[in-house]
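Undergrad: Below are the features listed in TrEMBL for this protein:
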SIGNAL    1-32  signal peptide
DOMAIN    35-123  domain 'Ig-like'
DOMAIN    134-224  domain 'Ig-like'
DOMAIN    240-328  domain 'Ig-like'
DOMAIN    333-420  domain 'Ig-like'
DOMAIN    426-513  domain 'Ig-like'
DOMAIN    517-604  domain 'Ig-like'
DOMAIN    615-710  domain 'Fibronectin type-III'
REGION    699-722  region 'Disordered'
DOMAIN    712-809  domain 'Fibronectin type-III'
DOMAIN    868-960  domain 'Fibronectin type-III'
DOMAIN    965-1055  domain 'Fibronectin type-III'
TRANSMEM  1067-1088  transmembrane segment
REGION    1097-1198  region 'Disordered'
COMPBIAS  1097-1117  compositional bias 'Basic and acidic residues'
COMPBIAS  1148-1164  compositional bias 'Acidic residues'
COMPBIAS  1175-1185  compositional bias 'Basic and acidic residues'
Amino acid sequence: MNKEKRDCCAVLSCFACRWILCVCVCVSLIVPQPPTITHQSPKDYIVDPRENIVIHCEAKGKPHPSFSWTRNGMHLDIDKDPKVLMKPHSGTLVMDIGGGERAEAYEGVYQCSAHNELGTAVSNSIIIRQSRSPLWSKERISPIIAQKGQSLILHCRPPAGLPPPIIFWMDNNFQRLPQSRRVSQALNGDLYFSNVQPEDSRSDYICYARFPHTQTIQQKQPISVRVVFVSDKPTEERAPVFMVPSESVSSKMVLRGEVLEMECVADGLPTPAVSWVKHNGEIPSGRASFLNFNKTLRITDVSEVDAGEYRCIAKNRHGSAQHTIRVTVNAAPYWISAPRNLVLAPKEMGIITCRAAGHPKPSIRWLVNGLPIEDAPEDPSRSVEGDTLIFSEVQTGSSAVYQCNASNQYGYLLSNAFVNVLAEPPRVLTLPNIVYQVIMNKPALLECVTFGSPVPTITWFKDSRSSMLEGNAYVFHENGTLEIHMSHPSNSGKYTCVARNSLGLSENHVYLEVKEPTRILRPPEYRVVQRNRDVVFECKAKHDPSLVPTMTWLKDDRELPDDERFRVDSDSLTITDVTESDAGRYTCIMNTTLDQDSASAQLTVVGECLCATPMPTDLELTDQEARSIQLTWIPGDEHNSPIKKFLIQYEDALHQSGVWHNLTEVPGTKTTAHLKLSPYVHYSFRVLALNEVGFSRPSMPSRQYRTSPAAPDENPTEVKGHGTEHNNLVITWKPLTPLQANGPGLQYKVMWRQQDMEKDWTSVSVANVSKFVVSGTPTFVPYEVSVQAVNDYGPGPKPSAVIGYSGEDFPSAAPGDVRVLVLNSTLAEVRWSPVSPESVRGRLQGYKVQISSRHVTFLTFIKNISLVPSAPSFFKVSTFDLDSLMLEWGPPYERNGRLTGYTFKYQTGLLEELDLPSNQSSFTLHNLPHSTRYKFYISARTQRGAGPTLTEEAVTVLDRALSVTPAFGNISSSVSEDGALISWEYWGPEKHLYVEYIIDNSDQDWQKEKVNGSQFHVLKGLKKGLAYKVRVVARGHDDRAVHHSEELLVKVPAMVSPQVDIATQGWFIGLMSAIALLILILLIICFIKRNKGGKYPVKEKEDAHGDPEIQPMKEDDITFGEYSDEDHKPLKGSRTPSSGTVKRDGSDDSLVDYGDSGDTEFNEDGSFIGQYSGRSDRDARHDSSKPLSPVNAMNSFV
């Protein structure tokens, strides 16, 4: 900001402070202003003699003030001393002492005055003193000899400096001497020994004094201490005695706001411990500290409550000593209300107050333009009343600067305040045509900063100057700002502020734009993902179309890692190849220039194997009571997925054998549950575990536990009484379930009596029914009706009575005094006297009027005009937008008069009510939070009142299509003999869940079963060997699907036939016998043919056809017929030798050779080993006509 702007803002800040809120707006505005001191040096100013002396004095005013100084009460002529300069456009003095001048020559009391044509302002009296760091006086210090155990004081006595020096003790090596509870430095710098020990002997106890202003350190001569031990005079222990303070009682005075330091140093052997207490009070814990090994008590920011008696206590095992310090707190003057500048118009009045406190109470002295007010020129508009200046009927030219001086013996306060008498027309200082943007339902502040004298009055207008803004919707601040508590779109537009005073008016235009809030409609959701998989967090938001949004993602409230695996899209975050380090809390933030919204979700990373949920085992029942029992179990291995909860189910073998019901759930950290039971139930229990994968298979059932019968705990519900004939009363109720019966022999005791007519009840007991008809009743009279449950063990609780009416009959009398008044040719008025209530004999519905003329007779029905309208003909709720709901209804079928409107109510928590006109049939609610259930009520209204109410429920959803991912997760299935167990997780608000299923690849309709409030369901009756598609659907109050899960394919295993051992079947034994006989016959035939055929010419056959392994055989080449010399084909299954060569010289191989039992061996599969290699000449010459054994023949065919 340049100087002109600074001066401008400086001027305007003074005027703006006349009102509550101070706003500085720089415009081209020049207004006369008396001087004001803006910066000055401290009252007590200690200067460094090595540097120039600078005494600050800055002031502002219009015209800019001139400056003058006094020294020691006398005018300081700056021109006479060339070493003293005043900065341009400033009152700051600079005293150049670099040329050998001594700083002490300029010591004194200085005061600055700033004056212009409107007055004079003065600074505080500034005392200039030169800092001093004198040398230590030379002295000769004799060595100190002390006996062990005695107390000792080493005096420092530093030279007096300005400011006082800082004292510390060191040795010759500039190392601080160690201090302890026994040896410590006092506040005056002396070193105290409560008792000396041999280790205290040394010759370099040196006291140092550091002077902070000059940054110099002075050193005292070293002190030598030698501790001796007199063997014939042992050291005697002694009780504590105070070394400082020496007397038993001392006093101390401290000023308010300063630091109070008190110390107690004691001698004694062993070393005493020091503690502190306050008499009749407590030491302030927040401001007090104990220093110097508890020997010093320091209290900062002292106030009057710190006055009183403090006691220090020194103790050792030989006794104690006490010292009392009486503290008094005085106070230099301090402001209660400092005087403030005053701007007045001619003829106005005003006051300047100057209130200060202190102890003793300060005296108030007024000055005007730096002179005592009693010596100033008389001003008839001014009067003094103690600490207040009163101005009345001020005149132009009465401007001046007034000084208030509050002083007592401990100091003074001096403050300037000017009175500026101005006559100025209003001026609006706020820049024109500013556009304010605000979020809907947030407060809006429209500024109108003005200046004028007299002070202008501010009025606001919207869009036009036709009407002034007023009412509770607006707040008008004293500084002109207009505040709108809750901004709505209707508040958008042009606003005009008008400033008026007696000298004129000024106006300014600003604009307000109300924007829609930024809201996250679909926040990210909790995710559990396996390592090395991908995960997607969605974050869909809605914002005002005119604002530019920015989506930001954070991980654990920090920026996302700089990793290409993290991909941010417009409404999602994708993390690929997830690792354990990616686990944490992810936050999406949607920012605009005006607002933001954020939402977070947790990411959990698990191992690559998410195994099936473990099944609990070892169920045990303990602590058996009549109505309770304790169930314990052992959970299975978690397999990288902790168990979230356990579901406990029960089976009632007495009433519903084979059906399992949910009983309770317990957290996954527990393995014990205390179960509440009902009488007359044969309980068996089982437990299912749930983790991220889903529900486990049910555990094995526990042993059966049977509870004893008891009387019923409750009575039937929904008890009603109504008539179906003119002389009967039908009593109906909802019967108890077997579980509610509590015992055998359940009956219902039905009781009734005529209201206000009969004292005694008539009763009857019935069983296995839910209604009873009372005959012979009077027509349409009220009855008190109740039904009580009773079993073999007693009755249930006393039932409450309901009111029902017996049947109606035809009215017994017709209306009388029928009169007709013809109004014109087409209109006639019919009047009659109403019938008596007793003759109606039922609920009066209306009157039937029969009108006959010469040519026609017709009837009309006149409804009872005293009735209210019926309910609207229909009422439905539909999704209009992402965050809106549309409600539609139809007029009532029976209006019963002229409709005056509809009463519409809706609620999520608080009930909201709206009155809608009678011609309206739809209504839309906007800006609703997502996934929120609403309940709606609507009724028609006439002058007689509101009719029956229709209700509907609806839930705001993100999309019109069914939501798949957000509501359901972790759906799984397991098939057992009991059926298919379907488990899932559901996070939506809907209460009505259904499991729907259909045979895969069929065109049948989906079948559905309702879920009883749990997150699993068993499908029974599925056909064996078929596959089913299964899904879980959440439906709204109108049975429309709101969410559904992914479809799951469930395969039901086919029924397995009983296993039969085929080897024991007769037909199989016969077949095998026939095959064996056939093979034996074939072998015999082959044997005979072989003996007839002679040797096989193997060599010739091989020469003609080559290696049989190289030329594969055909299947049809293998025959079991005659092996002739013309058909020399190798046997199937024969092998080439392991050497891979065939011996051809003189080879006469035949089946006889292979059957020889000499050196020939067989493999397990019947093949030959070494059939061509290793044969002796005897083998080669062996007669091939030798018979082949049956075993070898079989092997040759394998």
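Glycine is no exception: its Cβ is also placed from the backbone N, Cα and C atoms.
A TrEMBL annotation is a machine prediction, not a hand-curated record.
From a predicted model like this one, the values you see are computed outputs, not experimental measurements.
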Undergrad: Under 8 angstroms, Cβ to Cβ: which one of 35-123, 333-420, 517-604, 615-710, 712-809 has the largest number of such pairs with the domain 'Fibronectin type-III' (868-960)?
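TA: Counting Cβ pairs under 8 Å, the winner is 517-604.
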Undergrad: Give me the DSSP three-state residue breakdown of the domain 'Ig-like' (134-224), ordered helix, strand, coil.
TA: 3 helix, 36 strand, 52 coil
Undergrad: Against which stretches of its own chain does the region 'Disordered' (699-722) lie, if we need a Cβ under 8 Å and a gap of at least six residues from its ends?
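TA: Residues 615-617, 619-621, 624, 626-627, 629, 631, 633, 651, 653-654, 677-688, 729-736, 740-744, 746, 748, 752, 770, 783, 785-797, 799, 802-805, 807.
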Undergrad: What is the average pLDDT across the domain 'Ig-like' (426-513)?
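TA: Overall, the domain 'Ig-like' (426-513) comes to a mean pLDDT of 91.
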Undergrad: Counting Cβ pairs under 8 Å to the domain 'Ig-like' (333-420), which of 35-123, 426-513, 517-604 comes out on top?
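TA: The listed stretch sharing the most Cβ pairs with the domain 'Ig-like' (333-420) is 35-123.
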Undergrad: What are the DSSP helix/strand/coil residue counts across the domain 'Fibronectin type-III' (712-809)?
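TA: So the domain 'Fibronectin type-III' (712-809) is made up of 4 helix, 47 strand, 47 coil.
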Undergrad: Reported in the order helix, strand, coil, what are the DSSP residue counts of the domain 'Fibronectin type-III' (965-1055)?
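TA: Residue counts for the domain 'Fibronectin type-III' (965-1055) by secondary structure: 0 helix, 50 strand, 41 coil.
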Undergrad: Just to be sure I understand, if DSSP states are collapsed into helix, strand and coil, how many residues of the domain 'Ig-like' (35-123) fall in each?
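TA: Once the DSSP states are binned, the domain 'Ig-like' (35-123) shows 7 helix, 46 strand, 36 coil.
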Undergrad: For a three-state summary based on DSSP, what are the helix, strand and coil counts in the domain 'Fibronectin type-III' (615-710)?
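TA: Taking each residue of the domain 'Fibronectin type-III' (615-710) in turn, the totals are 0 helix, 50 strand, 46 coil.
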